[in-house]
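Trainee: Here's a structure for you.
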Amino acid sequence: MRPRPSWGWQDAAACRGEDLVLFFGPDGERQPEREIRERKAKEICGACPVRTECLDYAISRPEKYGTWGGLNEDERASERRRRMRRANAA
Ligand code: SF4
């Protein structure tokens, strides 16, 4: 059983009060719009004081969608694999 997540870090999140659509996107979003939206979301993440906690949370859970810790879904999947390879090599 996984430990219960701690959500305390969210109190300091730079995205508090932001429109969730900026981080998760609207239905039917096309790639050019997605890239623009993700860039804006990542700018907010880039200045977020709890980016590390956010990314660690999203990497450790099956968070399939959205921008977390400055990474989109594909980037998180790559980071998850990278961390697993590093853990297996240790
Ligand atoms: S890193 Fe981004 S998504 Fe995570 S809490 Fe900060 S602003 Fe929100």
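Sequential numbering from 1, following the chain as shown.
Every residue, even glycine, has its Cβ placed from backbone N, Cα and C.
Bear in mind that TrEMBL entries carry predicted annotations, made automatically and left uncurated.
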Trainee: Tell me which of 45-67, 68-90 corresponds to the region 'Disordered' entry in TrEMBL.
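Mentor: Region 'Disordered', as annotated by TrEMBL, spans 68-90.
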Trainee: Which value does the mean pLDDT take for the domain '4Fe-4S Wbl-type' (14-78) in this predicted structure?
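Mentor: Looking only at the domain '4Fe-4S Wbl-type' (14-78), pLDDT averages out to 96.
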